[in-house]
Amino acid sequence: MITLEGIEGAGKSTQRETLATTLTELGIPFLQTREPGGSPIAERIRALLLDPAHKGLCAQAELLLVFAARAEHLDQTMRPALEAGTWVLSDRFTDASFAYQGGGRGIPAESITGLESLVQGELRPDLTFLFDLPAEIGLKRAKARADLDRFEAETLEFFERARQVYLHRAKQEPGRFRVLDATLDVEQVGRHVRQALIDFVTRMQSSGQ
Ligand code: TMP
């Protein structure tokens, strides 16, 4: 399982395409998906979560909805793919819950860890790309696009806290994370992403996985 993470405006979607193209070139069967979402019911929960009209949604309800969507996504999409030997490339996963609901909303990490075990069991991503940039730059980029969703309308401080949690997690798990400087130009980031993926695949293949 490969995941992409980062605050708003980090250029994740463009780099997801780079990863998809590289996996295709390498002949690796994969499924591209996203969170929240990735299955019919999870996509409906996504709509609830992102709707700017739901401004007053309380933090605990938000956290539980994110994990409800994840449970569905895992059951309907991710686990069947992984069990069939298909790689899964997910635009966000549980690191986003630690960053946004933990860092952003201030929910204690232990509560999130509890839900993570409940919903995922032992399942964790094998490789995570973190597209890192200062919240100020990310928000400026996100705000240049039309129609802000409920998260994009959050404050600079919210995203700075989320960024710090991402960086902290990356530091704690250097084997899983590849941190990329998302302030660099898109082509440059793309080259780093491509190389990191090729290195990972080579390592997996030489260890027989
Ligand atoms: P996206 O804009 O990358 O598609 O992600 C949708 C939003 O959902 C994004 O602002 C981050 C947020 N989110 C959480 O708050 N918690 C989570 O666990 C996930 C997966 C996403």
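Glycine is no exception: its Cβ is also placed from the backbone N, Cα and C atoms.
Database features (TrEMBL):
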type: DOMAIN; residues: 4-191; note: domain 'Thymidylate kinase-like'
type: BINDING; residues: Gly6, Ile7, Glu8, Gly9, Ala10, Gly11, Lys12, Ser13; note: ATP binding site
Other C-beta atoms within 10 angstroms of the C-beta of Gly6 (ATP binding site) total 25
CB < 6 Å to ligand 1, subset of binding-site residues Gly6, Gly9, Ser13, seq order -> none
Listed in sequence order, the residues of the same chain lying six or more positions from Gly9 (ATP binding site) whose CB sits under 8 Å from its CB are Leu133, Ile137, Gly138, Leu139, Lys140, Arg141, Ala142
Same-chain residues at least 6 apart in sequence with Cβ under 8 Å of the Cβ of Glu8 (ATP binding site), in sequence order, are Gly138, Leu139, Arg141, Ala142, Phe151, Glu152, Phe159
In chain order, residues whose C-beta lies under 8 angstroms from the C-beta of Lys12 (ATP binding site), counting only those at least six residues away in the same chain, are Leu4, Glu5, Gly6, Asp91, Arg92, Phe131
Between the binding-site residues Ile7, Ala10, Gly11, Ser13, the one whose Cβ has the fewest other Cβ atoms within 10 Å is Ser13
Residues sitting within 8 A of the centre of the Gly6, Ile7, Glu8, Gly9, Ala10, Gly11, Lys12, Ser13 CB atoms (ATP site), not counting those, run Phe131, Leu133, Gly138, Arg141, Ala142, Ala182
